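Have a look at the structure below, then the notes.
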Amino acid sequence: RENFIHLCNPHLEKMKEDILYHFALGTGTHDFPALFGDVKFVCVGGSPSRMKAFIAYIAEELGLGSPGCDYPNICAGTDRYAMYKVGPVLSVSHGMGIPSISIMLHELIKLLYHAKCSNITIIRIGTSGGIGLEPGSVVITRQSVDATFKPQLEQVVLGKTVIRSTNLDEQLAKELMQCSKEIGQFNTVIGNTMCTLDFYEGQGRLDGAICLYDEKEKLQYLKKAYDSGVRNIEMESSVFAAMCNLSGVKAAVVCVTLLDRLEGDQISSSHDVLVEYQQRPQKLVGYFIKKCLGKA
């Protein structure tokens, strides 16, 4: 059965034109069904360069491109986000932190709705700090939890606190885990992901400009997080899960860990090692897409 995007906003139907300002796209200037109607997979990640690398990778994997082929940025009219497309795959950058990915998702979900897309899978691929995992491990998120380990997003709307669920698609997580087993190249686990509002104090680091706690308190907190099921920390998954849930979209978060936070706070691996780590979520999600399309 066709599963279309659900928009939780009755006001949009009254608008003659919808301008997606941060994408430099609009329903009055662009034919969304023609441009995006065949999209089935959307991959989002923080860095524009990483998302351009991903579209080149997936194009080659699907036999839709050749080495050295250039892919134009669909959002070239703005410097806020970058967007690339090949076949049924859309690759979009979302910047860093909940506010940045939230703005992107509002416009992405509307784009998919206006394009009349159906049966969409959205996957965030990114980097994170691990807890109790060897660096380079990949975490598929079961639930995104806040800094108190609750599976929820707390948001203030019109001065009132709104609580939204941050569960992710359980079946999709299992399918991705099976894909990792079939690849057999790196350690992968399913676990909870803690989403914080900050990179330094919010994640219990000792190396920020401000730190009013000691190492013992930091380790107690991180061990408590581990005991609650948290295996990695990043800054986007909660609003990503909440917005995909409200829009009726299957979603997953797949992040590689760049370090074990129980061992330290600063990322000290070489550039080449970090590049290889960052390719692991791409490989996993690329294999999943190939498998879904019968090309694996």
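Every residue number used here counts from 1 along the chain in the order it is shown.
Cβ coordinates come from backbone N, Cα and C, glycine included.
All TrEMBL annotations are machine predictions without curation.
The following features are taken from TrEMBL:
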BINDING   ARG80, ARG124, ILE125, GLY126, THR127  phosphate binding site
BINDING   GLN203, ARG205  substrate binding site
DOMAIN    40-289  domain 'Nucleoside phosphorylase'
Check your understanding: Record lists ARG80, ARG124, ILE125, GLY126, THR127 as binding phosphate; longest Cα-Cα distance in Å?
Key -> 20
Study note, to complete from the structure: Counting every protein chain shown, other Cβ atoms within 10 Å of the Cβ of GLN203 (substrate binding site) number 23
**Study point:** Other C-beta atoms that fall within 10 angstroms of the C-beta of GLY126 (phosphate binding site)
**Key:** 24
**Study point:** CB within-chain contacts under 8 A for ARG80 (phosphate binding site), separation at least 6
**Key:** HIS22, PHE23, GLY95, ILE103
Revision key, fill the gap. Using a 10 Å radius on the Cβ of ARG124 (phosphate binding site), the other Cβ atoms enclosed count 29
**Study point:** ARG124 (phosphate binding site) and GLN203 (substrate binding site), Cα-Cα, nearest whole angstrom
**Key:** 20
Practice item. Measure the Cβ-based neighbour count of ILE125 (phosphate binding site), defined as the other Cβ atoms within 10 Å of its Cβ. Key: 26
Study note, to complete from the structure: The predicted model's mean pLDDT over the domain 'Nucleoside phosphorylase' (40-289) is 97
